[in-house]
Structures are given as C-alpha cells and as structure tokens.
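Take a look at the structure set out below.
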Amino acid sequence: MERTFIAVKPDGVQRGLCGEIMKRFEQRGFRLVAAKFMQSSEDHMKQHYLDLEDMPFYGGLCKYMSSGPVFAMVWEGQSIVKLARMMLGETNPADSKAGSIRGDLCINIGRNIIHGSDTLDNAKREIDLWFKAEEFVTYTPCSQAFLYE
Ligand code: IDP
Ligand code: MG
C-alpha cells in the first residue's frame, strides 16, 4: 500500500470542486486517511514547492497557493502515486486528456485546481510537511476485500 498527498488548490476550492475531486478518489477505491481544510502560509508553500525554486513562476505560485483555502488530503491504495497522477492529467490542462481531473475541470496551467505528489519519495516528504502523525485515522473500509485480490 502507498500513500499520496493530494490538495485541492485555492482555485479548485473557490470553484466548488472539492466534492467532485473527492468523489473521483473514493470511486476509484482509494481510502482517505487524513484531511483538513486550511489556509497555508507562503513559507509553507515555498517548502512544498522547493524543487521549483529556480522557475520563474515559483514566487507567484507560492503566493497564490497561500492566498486562500486549500483542501489537503492523504489517500492510500495500491500504486496510488502513479494512479493519482494519471487521474490528475498533465500539469497543463490543455495537454490533459478528457476524463482526467484537469482535462475535465480546468483550462489554465497556473489555475490547474489540484496538486498530487509525483513520486513516492515526494509523497512521503509532502505528507510529513502537511500532516502530523495524530491527524491520521486508521480504519478498514468494508470494500477492502472487493478491491484487492
Ligand atoms: P504538477 O502540479 O503537475 O506536479 P509541477 O511541474 O510540479 O506540476 O508545477 C507545480 C505547479 O506550478 C503546477 O501545478 C502549476 O500550477 C504551476 N506551474 C507549472 N508550470 C507552470 C508555468 O509554466 N506557468 C505557470 N505556472 C506553472
Ligand atoms: Mg509537481
């Protein structure tokens, strides 16, 4: 089992897309293990996007991501890091296939509504950056035996 960090960005929250995004992860069969609705600080976002530090959009991105509420979540499931990235679509919504979250729900690269960890190592790093151990809930969904052989 893997865990990944997913966040509905301020544009996704403002556009009322938290429910739609959660629905897609639930219906795929993934298990929600932590979630919080919060406003992040610019420093926190600078940490989160540290690997993009040298990009021209880094400053604006971190400012934007801390400008309003985000819905931060940790989801669990088999191969979830890769599968969630496929569900998200490409970074640029214009390159994202219809059926993906970005391909269905947004238009612009700077307003692409959702974040998802891109590797297992980054997922671990991001989960630690956003959540404390006591914020996780452990339970067995009744669907578990029908999702996995
Ligand atoms: P990702 O969100 O698909 O992992 P990253 O390359 O990690 O994409 O970039 C992080 C975020 O930075 C993107 O989701 C997008 O919001 C923003 N971003 C990436 N490239 C550009 C750009 O060329 N212009 C403006 N914003 C960008
Ligand atoms: Mg990324």
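Each residue, glycine too, has its Cβ placed from N, Cα and C.
Remember, TrEMBL labels are computer predictions, not curated facts.
Features as listed in TrEMBL:
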type     : residues                                  : note
DOMAIN   : 1-138                                     : domain 'Nucleoside diphosphate kinase-like'
BINDING  : LYS9, PHE57, ARG85, THR91, ARG102, ASN112 : ATP binding site
ACT_SITE : HIS115                                    : active site, pros-phosphohistidine intermediate
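Feature annotations (TrEMBL) mapped to structure.
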| residue | record | Cβ within 10 Å |
| --- | --- | --- |
| LYS9 | ATP binding site | 23 |
| PHE57 | ATP binding site | 12 |
| ARG85 | ATP binding site | 17 |
| THR91 | ATP binding site | 13 |
| ARG102 | ATP binding site | 22 |
| ASN112 | ATP binding site | 23 |
| HIS115 | active site, pros-phosphohistidine intermediate | 19 |
On the Cα atoms of LYS9, PHE57, ARG85, THR91, ARG102, ASN112, which are listed as binding ATP, what is the maximum pairwise distance in Å?
21
Collapsed DSSP category at ARG102 (ATP binding site):
helix
In the three-state DSSP scheme, HIS115 (active site, pros-phosphohistidine intermediate) belongs to strand
Filtered binding-site residues, from PHE57, ARG85, THR91, ASN112, whose Cβ is under 6 Å from an atom of ligand 1
PHE57, THR91, ASN112
Over the span of the domain 'Nucleoside diphosphate kinase-like' (1-138), count residues by DSSP class, listing helix, strand and coil in order.
68 helix, 30 strand, 40 coil
Expressed to the nearest Å, what is the distance separating ARG102 (ATP binding site) and HIS115 (active site, pros-phosphohistidine intermediate) at their Cα atoms?
10
Looking only at the domain 'Nucleoside diphosphate kinase-like' (1-138), what is the model's average confidence as pLDDT?
98
Whole-number Å only: compute the distance from the Cα of LYS9 (ATP binding site) to the Cα of HIS115 (active site, pros-phosphohistidine intermediate).
7
